[in-house]
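Chemist: The following block contains the structure, expressed as structure tokens.
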Amino acid sequence: VHWSAEEKQLITGLWGKVNVADCGAEALARLLIVYPWTQRFFSSFGNLSSPTAILGNPMVRAHGKKVLTSFGDAVKNLDNIKNTFAQLSELHCDKLHVDPENFRLLGDILIIVLAAHFAKEFTPDCQAAWQKLVRVVAHALARKYH
């Protein structure tokens, strides 16, 4: 994957302003609410019975932060995303058996969360760079499935 200097700047510039805990929690909560079938991968998280329960669930919040922290690893390693996510791909494929389509869904939700939090700064160019990033990350996470 080739990243232009502008794409790198748009990604790293916005990333520096992201509250990882809040945006991560919101992104994972939205995934579980909008795509309820994804909840089956989180049965150990306790009460996921309603949007209110999901939004208030501390395990959802903690895992959302963990997920978005790993996105930070992608931002730091734009030229080596495939290797950055090799172990996570193995874990999600071999041990957790997560449908790789869910990585794409979460990426799309992250775009929505970023747009909501950074409305003015999230220009079409910025969105395009981030859309490319979430696609590359989803592809890297799905790699062990092929």
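Cβ from N, Cα, C; glycine included.
This is the feature table in Swiss-Prot:
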type: BINDING; residues: HIS63, HIS92; note: heme b binding site
type: DOMAIN; residues: 2-146; note: domain 'Globin'
Chemist: Reduced to three states, what secondary structure does DSSP give HIS63 (heme b binding site)?
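Modeler: The three-state answer is helix.
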Chemist: Just counting, how many other CB atoms are there within 10 A of the CB of HIS63 (heme b binding site)?
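Modeler: Counting Cβ neighbours of HIS63 (heme b binding site) within 10 Å gives 16.
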Chemist: Can you give me the average pLDDT across the domain 'Globin' (2-146), rounded to a whole number?
Modeler: 88
Chemist: For the domain 'Globin' (2-146), what are the DSSP-based totals of helix, strand and coil residues?
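Modeler: Helix, strand and coil residues of the domain 'Globin' (2-146) number 116 helix, 0 strand, 29 coil.
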